[in-house]
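See structure below.
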Amino acid sequence: MSGQQERAERQREELSASASPPSRFVLGLDVGSTVIRCHVYDQTARVRGSSAQKVENVYPQPGWVEIDPDSLWAQFVAVIKDAVKAAGVQMNQIVGLGISTQRATFITWNKKTGHHFHNFISWQDLRAAELVKSWNNSLIMKLLHGATRVLHFFSRSKVMLTVSRFNFSTQHATLRLTWILQNLSEVKRAVEEDNCCFGTIDTWLLYKLTKGSSYATDYSNASTTGFFDPYAMRWSRLITTMVSIPLSILPPVKDTSYNFGSVDEKIFGVPIPVVALVGDQQSAMFGECCFETGDVKLTMGTGTFLDINTGKNLQHVNGGFYPLIGWKIGQELVCLAEGNAGDTGTAIMWAQKLDLFTDAAETEKMALSLEDSEGVYFVPSFSGLQAPLNDPCACASFMGLKHSTNKYHLVRAILESIAFRNKQLYDMLQREIQIPVTNIRADGGVCNNAFVMQMTSDLINEKIDRPAHFDMSCLGAASLAGLAVGFWADKEELQKLRQSEMVFKPQKKWQEYEVNMENWVKAVKRSMNWYNKT
């Protein structure tokens with residue numbers, strides 16, 4: 001071939017390339033409790049560009065946890081722009097945005113002006129702890145439980161059984177919103193004037209992205225607020241009436257994978273479709289491809305969340321695990337049962353602030369350098385103790401400290417406490433959920449710690465699959481968005497794209513840990529009811 005022919009061939013190839021449509025991508029964004037992160041995904045589910053910023057929580061008083069909405073909005077916009085730039089693509093190549101968020105963190109704002117009345121009140125916030133205790137011990141709750149137990153006896157209704165076991169929690173938005181109405185007159189007045197909007201982070205971001213033209217949430221987020229009736233698939237008139245919250249301030253509830261509207265062009269230069277809103281744990285479940293009944297996900301991030309796919313049916317539980325909507329896509333409805341421990345990554349970050357180590361990655365080697373923690377035990381309870389103990393007044397503590405205790409013992413005790421809490425949650429799942437476990441898949445930043453992963457596998461005597469990609473909430477949001485716009489054909493295609501990095505198998509028997517865990521449980525019991533004011 002002559003030089004002239006070669007040049008002509010190259011020109012034809014260049015023209016052909018320029019004529020072909022540009023590659024398409026989807027965005028998966030997760031607003032976690034610690035980090036806000038965005039990934040750009042191609043059609044092989046490979047991350048092409050990323051950006052992350054630390055979520056700056058505000059602590060106005062002990063036990064209060066807030067997020068500045070203006071700061072969060074600036075971070076949200078920045079990580080999307082930076083991720084797209086890092087991917088080396090253009091905004092007009094983004095065909096869909098999926099948003100995963102920490103759940104039950106809420107805000108209220110002026111319906112007419114869009115201005116917020118206060119900061120986001122985090123799901124970790126404990127300002128309503130006394131209100132929760134008061135309500136759970138109230139005559140109203142005792143009458144409700146008694147009446148529904150009788151009704152369940154005669155009707156065998158699952159709804160009545162669930163209501164008979166219902167208790168308020170500080171993690172629900174319910175009584176934190178009640179606290180706001182009792183203490184912020186501006187919000188109370190706006191509610192009375194029908195000028196107040198309530199929203200979890202997903203709802204507020206959608207409202208901001210669409211310049212107020214879209215106001216909605218999805219079923220996964222709604223089901224974690226404490227206001228939602230998952231049996232009737234609507235906001236609960238019973239709960240809202242009990243706590244005097246008008247239904248009018250709650251947003252419409254839509255499918256998880258759904259066209260919620262397009263981003264206002266002024267924000268990113270193009271109208272990117274917002275096609276998925278999802279709670280972070282449900283999103284991680286979807287990202288892990290836990291699509292079958294019995295599939296289990298163990299997320300270890302800021303907190304630990306253990307979820308099991310219960311199929312189309314909600315599980316009526318005994319107050320440890322709680323029923324949730326996993327996702328709703330058209331006619332497909334998937335339900336979950338979930339249990340959680342509030343302080344996992346939180347405990348590790350706290351230890352880092354104390355200069356016990358400089359990088360969380362060091363903790364694995366520190367723990368493995370010792371035979372044991374030398375009788376030191378840590379209770380991870382900065383935000384109270386969740387199921388099966390359910391004590392918002394518990395305190396975080398070290399017990400068993402000695403002259404010989406050093407930072408290595410403290411670090412190992414912290415990591416062991418995470419594994420012990422995992423064991424408690426898994427045992428509770430086995431007791432309460434009458435569904436055989438098929439697979440266990442882990443995700444979240446703490447699952448990068450092989451010491452915690454191996455100890456958890458030993459304690460529960462099960463294999464645990466760790467994926468190649470840890471940011472499952474981002475991937476789940478992107479997957480849901482991709483399905484909505486035809487970027488991926490179906491869930492079967494997503495399953496084929498999933499990659500496993502390592503499977504942890506039990507190496508020690510439970511009996512080798514039994515005495516250690518019994519002593520840890522003693523430490524936990526001594527930390528309970530510490531902040532009780534009555």
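Using N, Cα and C of the backbone, Cβ positions are placed for all residues, glycine too.
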Among Arg103, Arg127, Arg441 - the residue Swiss-Prot places in the same glycerol site as Asp280, Gln281: Arg103
Site-mate of Ser33, Thr34, Gly345, Gly445 for ATP in Swiss-Prot, selected among Thr302, Thr304, Thr405: Thr302
Taking residues Arg103, Asp280, Gln281, which bind glycerol in the record, the widest Cα spacing (Å, whole number): 8
Distance, Gln281 (glycerol binding site) to Gly445 (ATP binding site) (CA atoms, angstrom): 14
By Cα-Cα distance, the member of binding-site residues Ser33, Thr34, Gly345 nearest Arg103 (glycerol binding site): Ser33
